[in-house]
Structures are given as structure tokens and as C-alpha cells.
Amino acid sequence: MAWLSRVRGVSPVTRLAAIRRSFGSAAALEFDYDSDDEYLYGDDRRLAEPRLGLDGSGPDRGVQWVLMGAPGAWRHVFAERLSKLLEVPHISMGSLVRQELNPRSSLYKEIASAVNERKLVPKSVVFALLSKRLEEGYARGETGFILHGIPRTRFQAETLDQIAQIDLVVNLKCSEDHLVNRNETALPQQEFLGSMLHSPVAINARRESVGVYAQEVEEYYRKQRKLLDFHVGGATSADTWQGLLAALHLKQVNLTTSQKLTL
């Protein structure tokens with residue numbers, strides 16, 4: 001697992017400051033909504049200064065992984081489980097945006113307006129949120145993460161590579177039937193977004209939209225040998241979780257009293 005050992009030499013705070021300046025002057029680009037991530041997304045990029053590679057040979061940093069996949073593939077669930085198991089923070093772009101849906105936030109009006117009008121959150125806003133989150137985490141001593149919600153396009157993936165040292169991208173795949181059933185039966189309604197976002201028509205539209213860009217993102221990471229495809233069947237079942245751990249060459253020692261791993 002040599003891909004767990006790479007690290008950048010430049011301070012992440014320095015890189016994030018540069019990225020924030022460049023995007024502050026850029027035209028506002030937009031991101032789409034995915035019900036699996038609860039809200040709207042954005043973009044981000046690279047951290048650094050690690051903890052410890054899982055193979056024991058890397059510098060002192062945690063893993064920096066991305067979870068991607070079709071809407072309804074339980075990315076949020078698996079990202080949360082992996083973050084606890086690997087003892088790195090789970091960063092969800094959907095959650096970061098949701099936190100700013102507070103009248104006291106300087107970004108509230110811009111985000112609320114986009115949500116209420118079913119428009120996309122500007123890219124400049126998303127990058128600002130992610131940059132802030134990474135800076136705050138680094139200041140607290142965080143050196144790794146499990147990220148989901150981005151990248152959605154090749155451009156976002158390239159941008160992410162300028163901010164964070166992505167070690168691995170887990171691509172969660174599932175059948176068409178599972179996607180529809182999962183969205184129709186398992187997702188709670190979000191009041192401010194309205195039930196129309198969870199209708200079969202909306203679900204299919206999101207899936208088609210995501211699929212167009214997903215292929216280019218998959219190819220981007222596949223060429224870097226960072227992509228791991230994993231088929232989600234029963235989604236949250238114990239067998240699926242154990243299958244994911246096996247695919248990642250991880251083993252959870254004790255599910256009830258320990259978060260230790262073996263390779």
C-alpha cells in the first residue's frame with residue numbers, strides 16, 4: 001500500500017491560502033445537489049503533514065481518502081464508519097454547507113437563495129468552506145481525512161490535487177434497482193428542500209447528471225492508480241461492510257470495544 005506514504009512538502013495552510021485567493025477572484029461556478037450527502041456540495045483540495053501510513057512505513061500522518069459513487073450508494077454511512085475506524089475526521093461537503101444555513105452566517109443569504117430557488121451553490125462558496133475546514137483541522141493537529149461530496153468533475157479532481165494529498169479514491173457502485181429502492185425508502189425528507197428532490201423523476205435526473213461527470217473522474221483517478229471500485233449490494237449490511245474492509249485490506253479487530261486495525 002505504497003500510495004499511503006506520499007506527502008507534500010509545502011505547508012497545507014500556505015497552499016490553502018493561495019487557493020482561496022485564486023478562487024475568490026474567479027467567476028462563480030456551481031455544484032449540484034445529491035440526496036446521499038444531505039445538502040449541496042463543493043470542492044476542496046490537499047492537506048499534508050501526515051500521521052502514519054497504514055503499512056507502517058509512511059511519515060507521521062493519517063490517510064487522505066475520498067469516497068465517491070452514485071447517489072444512494074451510502075457514501076455518507078461508509079465514510080463515517082471508516083473515519084472512526086482510521087481515526088481521521090469525516091469531511092462531508094453537504095454537512096459543511098448545511099452548517100452555513102444559519103442567519104448568523106455571512107454566507108447564509110447566498111446559500112439559502114440557491115437552495116430555495118433550486119439552484120447550485122457557487123463554487124467560490126464551496127471552496128471557501130472547505131479551505132476553512134482544512135485550515136481549522138490542521139491547526140487542531142488533523143493530518144488526514146475521509147472526504148465525500150467532491151470531486152464531481154475532472155476539474156474539481158484536479159483542484160483537489162492542489163490542496164490535498166489524496167491517497168485513495170473508493171468508488172462505490174450499485175445496481176439501478178438498488179439506487180431507486182434506496183432513495184424511495186431510506187431517505188428522510190428535508191423540509192427546506194421539499195419532497196420534489198426525492199421524487200423518482202428527481203432521483204433519475206440526478207443520477208443521469210452525476211453519471212455524465214463520474215466517468216471522467218473515475219478515469220482521472222484510474223490513470224493515477226488511486227481508484228478502487230467496490231460494489232454495494234446490501235448497503236448497510238454487515239457483509240457489505242466486511243467486504244469493504246477486505247477490499248481495503250483492513251480488518252476491524254473488535255467491533256464493540258476497539259477501533260484498532262490490522263492489515
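First residue shown is number 1, and so on along the chain.
Backbone N, Cα and C define each Cβ position, glycine as well.
Annotation source Swiss-Prot lists transit peptide at 1-30.
Cβ neighbour count for Val77 (ATP binding site): 17 (other Cβ atoms within 10 Å of its Cβ, all protein chains included). Taken from Swiss-Prot, the feature ATP binding site covers Gly72, Ala73, Trp74, Arg75, His76, Val77, Gly234.
The average per-residue pLDDT of the prediction over the region 'NMP' (92-121) is 86, rounded to a whole number. If you look up Swiss-Prot, you'll see 92-121 marked as region 'NMP'.
As annotated by Swiss-Prot, AMP binding site applies to Arg98, Lys119, Leu120, Val121, Gly149, Ile150, Pro151, Arg152, Gln156, Arg206. Annotation note: Leu120 (AMP binding site) sits in a coil segment as assigned by DSSP.
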Cβ-based isolation winner (fewest other Cβ atoms within 10 Å) among the binding-site residues Ala73, Leu120: Leu120
Neighbour tally for Gly72 (ATP binding site), based on other Cβ positions within 10 Å of its Cβ: 26
Pairwise CA distance, Leu120 (AMP binding site) versus Val77 (ATP binding site), rounded so that it is a whole Å: 24
Integer Cα-Cα distance in angstrom, Val77 (ATP binding site) to Gln156 (AMP binding site): 23
Of the binding-site residues listed as Arg98, Gly149, Pro151, Gln156, the one whose CA lies nearest the CA of Ala73 (ATP binding site): Gly149
